[in-house]
């Protein structure tokens, strides 16, 4: 009997313990949820505060610049700003050297114009008020090739005491400790960096919008994007607020905004210009090369900028850059060229205006005595997923997604990064299911998983090397000096860039190959181009082809450009070819 009572008491005790445990567990869950919620609220508040501070810094710099311009105009009423803004870079540098123009007149004229352009296009992240102080000492660099020239720089290029946001919240409130090498060299050459320009969130996108500074619009049509990632540069130069800027390019980030905004842009061979102090979101990625390069209204300006940057001062500041000064003889050469050309890379069917631009330039080059031969890039359907996507996102986009944490994802980037977050098994399953119907989409989604392991990464690097050598051999078998090909255009409608990353096949190929490439504006979209666009089918006739057609629709009057390419380290030859295209187009319009 006693034993039964003992058992009953034990069971009651156990029940009581279970109730206690349940209550404790419930309480712990509630407390845990509250802690998580509080952390989220605090994180959200911190994010909002960071964005607010960045916007306030921008607003303050714009207001102070506006006040400085007004003061200068009042004290210098005879300054002919309208005349200054019409001068080309070569004309401007000549007048500055001669002393017929002062650096003060030039800087304030461009600052005033920049403020007006920014109000329309939202292309600047801040005015560099240090430029006003630099005016006091710029005379010591009077022998510099860019003496007194105001220069705009992309927001990811380090400038002392300023953030390199790359459009992501995590990078705010971390000002650079010193100027990048390129900024130091620009200053040594007498240039005055005076404004920083907008870019897309995380840089790996060819639109130009982020949650901090918003959307940059196109100078020719505010219903279109300026392109990216150097989209702030493209818009500012295309809108007349700068005559020389520095951008960066990992997939067309200089060339696409140049095409969209109707200017010239040049991506040098990677390694030709210093990358010290240039920020990226996925640092350490080696398969697809990034380059810094100039953007301007004409090719001579690009060449002058390259000549100024390729100097002993840069080679001394960054010994990893080969000491190769600019070869003016090659740039000014007049020998006839053997030019490869293509209208369609077989992966992304060009818009009618893209293809027409190449055809018209080809005809002009032939009339001028150059030899044109058909050329086709190798294995595009294989190298896009296997070498390019797996190269840029070798880690399955882990680094990129980490950088985006703690803040909103911009609408321009959202459709692009949405599948990045899928687990690997889901990416593989979707890829398998889509293969019979949409082979291109299937291959690219499968590639989003990255390379998987270090041995696979080494294999991928080896495959990139093999492809470069194979392409050079193919190029030589065609006996061509340079290549004429399309560049994406015309400028897109908003929110399409993140949906059709594949369209960068025309530009990113030359980052993978590490070939210098540049863009020259040659025409504008006609009513006939728009009519032909209605019949656009695409190479694969899949969802991406349909989206591309929608993206470029309504482009009448927008700029049309072509792309010029050369072999590695033949940057001067590439620029020479660009200059030839530019001159022939100008002559044909007369």
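Even glycines carry a Cβ here, placed using N, Cα and C.
For 37-71, the entry in TrEMBL reads coiled coil.
The annotation domain 'Amidase' is assigned in TrEMBL to 106-575.
Around residue 154 (active site, charge relay system), the C-beta neighbours below 8 angstroms that are at least 6 residues distant in the chain are 196, 197, 199, 229, 230, 232, 233, 245, 246, 247, 248. TrEMBL lists 154 (among others) with the feature active site, charge relay system.
The annotation substrate binding site is assigned in TrEMBL to 203, 229, 250, 251, 252, 253. Spatially close to residue 203 (substrate binding site) yet at least six residues away along the chain are 156, 166, 167, 228, 229, 248, 250, 253, 280, 281, judged by Cβ distances under 8 angstroms.
The local packing around residue 229 (substrate binding site), expressed as other Cβ atoms within 10 Å of its Cβ over all shown chains, amounts to 35. Taken from TrEMBL, the feature active site, charge relay system covers 229 (among others).
The feature active site, acyl-ester intermediate is assigned by TrEMBL to 253.
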Chain residues outside the coiled coil (37-71) and at least six past its termini with a C-beta under 8 angstroms from it: 108, 111-112, 115, 118, 124-129, 132, 163, 165, 169, 172-173, 211-213, 406-408
Check: same-chain CB within 8 A of substrate site center, minus 203, 229, 250, 251, 252, 253: 204, 205, 206, 228, 230, 248, 249, 254, 256, 290
Maximum Cα-Cα separation in Å among residues 203, 229, 250, 251, 252, 253, which the record lists as binding substrate: 11
Residue, out of the binding-site residues 251, 252, whose Cβ gathers the largest set of other Cβ atoms within 10 Å: 252
